[in-house]
Amino acid sequence: MTGTAGAGMFLAALAFVWPFLGAAAVCAVPVARSRELAIWMSAIGCVLALAVFVFPASGAVAAGWDDDPVQRAGRVMLAFGLLLMVLENGILHDRLVRSLPHVSTALAGLACIAPDPAVGLGILEAALAWGVFVFTRPAGQARMGWGLIRNGSVGTFLVLSGLLLPANTVVSGLLMACGLVVLTGLSPFGQFWQDENDTFLFLPFAGAALLLAMRLRTHGGEAFETALVLCGLLSVWLTACAGRFPDRQRLFRTFPSALALIAVGIQADVAALLFLCGWCLAGGGRAGRGWAVNTLACFPPGAPFVGCLLLLSMMSDWSWPLALLTVAGILAAVTRAVPARDITHHFWPQDAAGRVACSVLTATGLLVPLAMMLGAF
Amino acid sequence: MTLAAILMPLLALCVVARGIGFLPLLGLVAAAAMLVDGHTPLQQAGAAMAVVFAIGPVLFLLRYQHDAARERTGSAIPFFALGLMVLLLLACTRAGVAVFPASLCVVVAGLVSVICRQSMVWQWAGLLTCVEGVLLCGVQAFQPSVVGVAGLAGAVVAVLGGMCIHRIMPRVVPLRPPSARKKSSPDSPEKNGDAA
């Protein structure tokens with residue numbers, strides 16, 4: 001192995017290990033310094049993920065790692081999602097809770113690079129178990145924890161059952177699509193987070209499930225892709241129809257996931273990547289903030305807006321009726337389900353976390369199509 | 001196809017219809033179905049996990065009271081599971097699968113139990129039934145990664161489910177004869193468990 005290849009491999013390995021180091025460091029330092037250290041560790045993690053994207057390990061495929069540029073870019077989004085989670089939270093007194101975003105992001109990154117998707121599912125199950133253990137330690141949380149384990153395990157078993165059936169069959173594709181919809185937490189099929197703290201676990205968890213969905217297409221075949229498109233479309237239309245109900249937030253905050261699943265279904269991986277960026281930086285419990293609402297509703301100039309354009313341009317080649325249904329669903333959802341009209345006018349947020357998120361979203365929306373034109377994807 | 005593999009969907013339907021009491025038998029039959037073709041390390045490991053995940057939870061539950069109070073009758077649920085099994089069989093036949101998909105029928109029955117039953121113990125039994133089915137399928141397909149993931153998922157379900165049951169369900173309190181009660185001093189009250 002040459003020196004450059006060795007350095008690339010070392011960089012990639014360091015990027016995977018770094019969030020675990022961050023978790024250990026955040027646990028070890030005193031409470032007062034933990035937030036500052038967590039910000040530094042997650043920022044260095046972002047730089048490492050970007051470096052791995054720009055300088056990929058040349059022997060990664062031979063070593064059993066997945067070397068797809070979209071997957072590498074997806075791990076960059078997961079790293080920025082971790083940075084944003086750390087930035088927008090104050091000082092957390094519980095050691096395990098404050099290390100949980102680092103651990104769940106690290107396990108999500110590992111799940112994406114596993115050579116076998118089944119192993120990735122196992123790593124996601126381990127992340128779920130650790131998160132549920134951390135969440136359910138206080139009294140009165142046992143039943144909530146059981147709900148999380150039950151739903152996550154149902155998704156895992158469905159995908160595993162599909163993987164055990166012959167590839168490119170209808171039943172295999174349907175089982176895998178149902179499992180992935182549950183794992184991504186797409187409303188109303190698998191919405192299984194209930195608390196604000198759950199975003200520590202489920203933002204990277206659902207992001208990793210989306211990245212795994214791209215790799216499962218080879219096994220699932222046409223039925224898998226069609227089922228993903230239909231589930232995403234149904235979720236978009238339900239978001240639009242639930243616009244007048246008080247519980248519309250639950251549907252609206254998985255809007256980028258629904259569009260990402262449609263993009264995965266029509267093999268528009270770059271569009272799915274842009275929706276994943278919107279999910280990691282504006283999803284979860286941020287649906288009450290103006291800039292996040294703008295992003296979730298695919299308003300320009302964020303990454304989901306560009307993703308929408310890419311999705312619709314590719315969908316018209318896939319199926320005209322479904323493209324029209326998608327356009328109508330997105331427009332109906334945006335006009336009916338956007339929560340509060342007045343807060344959407346504040347594009348540039350006042351807090352540091354929001355500014356970082358908006359900058360990353362705008363830069364991603366500009367750079368990803370540019371990289372696509374230059375042949376990076 | 002062995003007799004054990006045919007018996008497994010029936011036992012899974014019994015779990016859907018009657019509860020966790022049939023899980024040990026299901027685990028033993030699954031272990032027998034795994035070991036009938038040979039004794040490779042993968043088969044032995046799969047069989048050991050199947051037995052542990054089937055018998056361990058039932059032994060654990062002996063310390064807790066029965067929680068069937070919240071369960072509705074649900075007499076149609078086993079027939080729903082049976083219908084889904086038939087659909088799966090037809091779909092697999094159409095897809096060119098020559099062997100009867102007994103292990104996936106077990107997974108389907110377990111999923112029906114998880115989704116349609118309200119009792120936590122019944123849902124736990126459903127998830128463990130899914131684990132048995134995926135383990136058997138992974139062993140029969142000689143896929144060590146799937147067997148490993150199924151084992152990990154089974155451990156997660158068994159341990160975290162057991163922890164939740166420990167915190168939610170009331171413990172069984174042994175009754176003592178009146179003479180023993182008189183002997184115990186009033187300033188050392190007995191513990192009644194941590195049901196709350």
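Going from the start of the chain as shown, residues are counted 1 onward.
Cβ atoms are placed via backbone N, Cα and C, with glycine included.
Keep in mind that TrEMBL annotations are predicted by a computer and have not been checked by a curator.
According to TrEMBL, the protein carries these features:
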{"type": "TRANSMEM", "residues": "A:38-64", "note": "transmembrane segment"}
{"type": "TRANSMEM", "residues": "A:76-97", "note": "transmembrane segment"}
{"type": "TRANSMEM", "residues": "A:117-136", "note": "transmembrane segment"}
{"type": "TRANSMEM", "residues": "A:157-187", "note": "transmembrane segment"}
{"type": "TRANSMEM", "residues": "A:199-216", "note": "transmembrane segment"}
{"type": "TRANSMEM", "residues": "A:228-246", "note": "transmembrane segment"}
{"type": "TRANSMEM", "residues": "A:258-279", "note": "transmembrane segment"}
{"type": "TRANSMEM", "residues": "A:291-312", "note": "transmembrane segment"}
{"type": "TRANSMEM", "residues": "A:318-335", "note": "transmembrane segment"}
{"type": "TRANSMEM", "residues": "A:356-376", "note": "transmembrane segment"}
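If one looks beyond the transmembrane segment (A:76-97) by at least 6 residues along the same chain, the residues whose Cβ comes under 8 Å of a Cβ in the stretch are 19, 26-27, 31-32, 34-35, 38-39, 42-43, 45-46, 48-50, 53, 105, 108-109, 112, 134, 137, 197, 199-200, 203-204, 207-208, 273, 276-277, 280-281, 286, 351-354, 356-357, 360, 364. Only residues 6 or more beyond the boundaries of the transmembrane segment (A:157-187), in the same chain, are considered here, and those with a CB under 8 A from a CB of the stretch are 117-118, 121, 124, 151, 193, 202, 205-206, 209-210, 212-213, 216, 218-228, 231-232, 235, 238-239, 250-251, 253-254, 257-258, 261. Same-chain residues lying 6+ beyond the ends of the transmembrane segment (A:318-335) with a Cβ under 8 Å from its Cβ atoms: 229, 233, 236-237, 239-241, 243, 252, 255, 259, 262, 266, 297-299, 308, 311-312. Sequence-distant contacts of the transmembrane segment (A:291-312) (same chain, at least 6 residues past either end, Cβ-Cβ under 8 Å): 252-253, 255-256, 259-260, 262-263, 266, 268, 270-275, 277-278, 281-283, 323, 326-327, 330, 333-334, 337-340, 343-344, 346-349, 354, 357-358, 361-362, 364-366, 368-369.
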